[in-house]
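Taken from Swiss-Prot as is:
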type: BINDING; residues: H144; note: ATP binding site
type: BINDING; residues: D172, D174, D180, T208, D376, K384; note: IMP binding site
type: BINDING; residues: D172, D174, D411; note: Mg(2+) binding site
type: ACT_SITE; residues: D172; note: active site, nucleophile
type: ACT_SITE; residues: D174; note: active site, proton donor
Amino acid sequence: MSSRYRVEYHLKSHRKDEFIDWVKGLLASPFVLHAVSHEGDYNDDLATTQRVRSQYADIFKDIEGLIKDKIEFDSRNMSQDEIEDGASSQSLNILGQSRLNLLVPSIGTFFTELPLEQAFLWEDSQRAISARRMVAPSFNDIRHILNTAQIFHFKKQENLHNGKVLRLVTFDGDVTLYEDGGSLVYTNPVIPYILKLLRCGINVGIVTAAGYDEAGTYENRLKGLIVALHDSTDIPVSQKQNLTIMGGESSYLFRYYEDPEEDNFGFRQIDKEEWLLPRMKAWSLEDVEKTLDFAERTLNRLRKRLNLPSEISIIRKVRAVGIVPGERYDEASKRQVPVKLDREQLEEIVLTLQNTLESFAPSRRIQFSCFDGGSDVWCDIGGKDLGVRSLQQFYNPESPIQPSETLHVGDQFAPVGSANDFKARLAGCTLWIASPQETVNYLHRLLETD
């Protein structure tokens, strides 16, 4: 489900982010205590705003300390190899649990410290959070504060002598780089920022659920980007080649190339032996096929049970299976009209598919990802965490890029079932955005010179 669907968001437990909800709860007390009107007395109102700002800032400072303690605790509790293999602090309790784990049991791994107090004060200056009396700090407020803190961290690392600078930025496609179902046209405002990342020597990967085993489809959807990259004379070809596409979440890898003699450019597929992680190579083809067969049967049963229109079709690919909307001819308008799935139908399908596959033996021996794309539902073999980890290894096999040097930008981070960017949190730092314009705004702040 793309981030634009926010109606009744907080009524659905599978759509909640427990950490953000916990932060909202902490901020509720100062909001309620100071949610008073001063009947037009500007000085009293200003004093109240300052008190609220100070209390909010203190809360974020305390959370900042809890995150720092958790990072130190986790570093003692697990080795780097265990982190790379996908182990979480929830599964390793050699030394018990950090205080933040006890307060928020579902909390994941933090790869960097987050200057939350500084981020709050910056966001407050832009959004006047402390000045509000009727609307408490919201999910979106906290999402923006977390994103800004991550940006501030990487900006700080640039100025440190031995800082862990950013080496890899990965992006989702739909709703992150372009509108849902769209493409990256030449006029897209995100393109200059992607070029600047490459110009700065930062690797760029587009990790998308769209799975195709040939380059043409990706070249068409990203035409504006690759034309702009080809036309950029101030970026060496060696750095242009640091643009990659990971398709099907972790199934197909393509790398940008230029052939000056033939004046050709585009994407070239990379042989799987060059980038597959050892754990992915260990998956049996039989388990993959059985998982997709089982998922396809489940989708067929759901189509009958939910009495879906015949135009709704099920598509089977080599590494994925999904249920997608269709079209029918409308006699009144004399044209084809879309036949869509309702939001409730999409959620029923993705949650049922996820739960049934979790109890299916072959699918437990591999990794799969079920997600709701806003108009369709898919089950992919692999996941975005593996896609990001594969890129970390591919760009520098001798010295793989670390999670603390990686930033994934995406719009689907709901914690259960319906969001495929969520798993990317296992492989690196993240920015949770809600529109392509937000992506542009954050990249501008990341790349602007102080």
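Residue positions begin at 1 at the first shown residue.
Glycine is no exception: its Cβ is also placed from the backbone N, Cα and C atoms.
The structure, with features from Swiss-Prot marked on it.
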residue: H144; record: ATP binding site; Cβ contacts under 8 Å, 6 or more apart: E123, R127
residue: T208; record: IMP binding site; Cβ contacts under 8 Å, 6 or more apart: D172, G173, D174, I245, M246, G247, E249
residue: D376; record: IMP binding site; Cβ contacts under 8 Å, 6 or more apart: G322, I323, V324, P325, L341, L346
For the binding-site residues D172, D180, work out the Cβ neighbour count at 10 Å and name the residue with the minimum.
D180
Winner by Cβ contact number (other Cβ atoms within 10 Å) across the binding-site residues D174, D411:
D411
Do me a favour and check the Cα-Cα span between D411 (Mg(2+) binding site) and D180 (IMP binding site); whole Å is fine.
11
Compare all C-alpha positions of D172, D174, D180, T208, D376, K384, the record's IMP binders, and send over the largest distance in angstrom.
18
Over all shown protein chains, what is the count of other CB atoms within 10 A of the CB belonging to K384 (IMP binding site)?
30
What three-state secondary structure does DSSP assign to D411 (Mg(2+) binding site)?
coil
